[in-house]
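The ATP binding site annotation in Swiss-Prot covers 17, 18, 19, 20, 21, 22, 23, 24, and the record cites sequence analysis as its basis. Sequence annotations record features per position, and here Swiss-Prot assigns substrate binding site to 19, 20, 21, 22, 23, 24 based on sequence analysis. Summarising the annotation, Swiss-Prot assigns region 'Interaction with substrate tRNA' to 42-45, 166-170, 251-256, 284-291. What Swiss-Prot lists as site 'Interaction with substrate tRNA' is 108, 130.
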């Protein structure tokens, strides 16, 4: 029997919630009370030079408490759930070794699931295969590749739109590298390891009792991003010439809509409306993920004292005052 199975797992508090739910305020409130280091659970914050559209913590906020997994890769590159899992487990160990407390905070539920439930044995990205698929798509179009996917993996193809280039490419890549449909690999038992077994992850979920209030916040937040120069930020990224709208970074909510606007495909008002709608759809998916976690501790994120409630819940987790 391993040492990790003999000893009691270390409790790790996880502050999860949809966009605009107040995660940053709650995390900073905890930082004022305890020696924490924040590990971001956000697939958009990993990218450098994408500050406004991702609502990245300010320099002052990041100076007041150590943050990790922010600004770690270039927008031209990809960052997988497997990389997040490995990096997070390493960081947790390092933070604990320093005598400090890790706090996981974010809203990318796929990352959290990979961390806490393990990974499927999917092959990694292959630049040559992706280049070949990109060339095929440039010649024949993504709907043709979607039809190709339907022949080898009908289950995956059935849930993807014909122009969902990123996911179609990944599903075809997996089949070409493994010889098996992605749907079959995802249905296989997940791989776990002793590194994750050493921890007990306890989610504190910021959820709205009235989704309309959160929708209003989302609209206000998107308008504030536009006022802060979001379009200029996307324009600077476009001038690099090595980015395109099918990259994971440029598919982030808001960036895709701004790119379409700068391409002349939509007007400003339509871009704004589509950006707000896409953010609300993301929020809906995040809440659905959260509600599938029966072990979560729920805090109403639109309550007047939401930050204080979240702080109390996090401290109860860290003090061991929660059921096992």
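Note: Cβ is positioned from N, Cα and C throughout, glycine not excepted.
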Tally of residues which DSSP labels helix, strand or coil - the region 'Interaction with substrate tRNA' (251-256): 2 helix, 0 strand, 4 coil
Neighbouring C-beta atoms (10 Å sphere around the C-beta of residue 130 (site 'Interaction with substrate tRNA')): 16
Residues that sit under 8 angstroms from residue 108 (site 'Interaction with substrate tRNA') by C-beta distance, when 6+ apart in the chain: 41, 42, 43, 44
Most crowded position, judged by CB atoms within 10 A, among 19, 21, 24 as binding-site residues: 21
Distance [Cα-Cα, Å, rounded] between residue 23 (ATP binding site) and residue 130 (site 'Interaction with substrate tRNA'): 36
Listed in sequence order, residues not in 17, 18, 19, 20, 21, 22, 23, 24 with Cβ within 8 Å of the centre of the ATP site Cβ atoms: 107, 206, 301
Helix, strand and coil counts within the region 'Interaction with substrate tRNA' (42-45) (DSSP): 0 helix, 0 strand, 4 coil
Nearest-integer angstrom distance between the alpha carbons (Cα) of residue 22 (ATP binding site) and residue 130 (site 'Interaction with substrate tRNA'): 38
Cβ-based isolation winner (fewest other Cβ atoms within 10 Å) among the binding-site residues 17, 18, 22: 22
Additional residues surrounding substrate, by Cβ distance to the 19, 20, 21, 22, 23, 24 centre under 8 Å: 17, 18, 25, 107, 206, 301
Average pLDDT across the region 'Interaction with substrate tRNA' (284-291), rounded to a whole number: 94
C-alpha spacing of residue 130 (site 'Interaction with substrate tRNA') relative to residue 20 (ATP binding site), in angstrom: 35
Helix, strand and coil residues within the region 'Interaction with substrate tRNA' (166-170) as assigned by DSSP: 5 helix, 0 strand, 0 coil
Integer Cα-Cα distance in angstrom, residue 24 (ATP binding site) to residue 130 (site 'Interaction with substrate tRNA'): 36
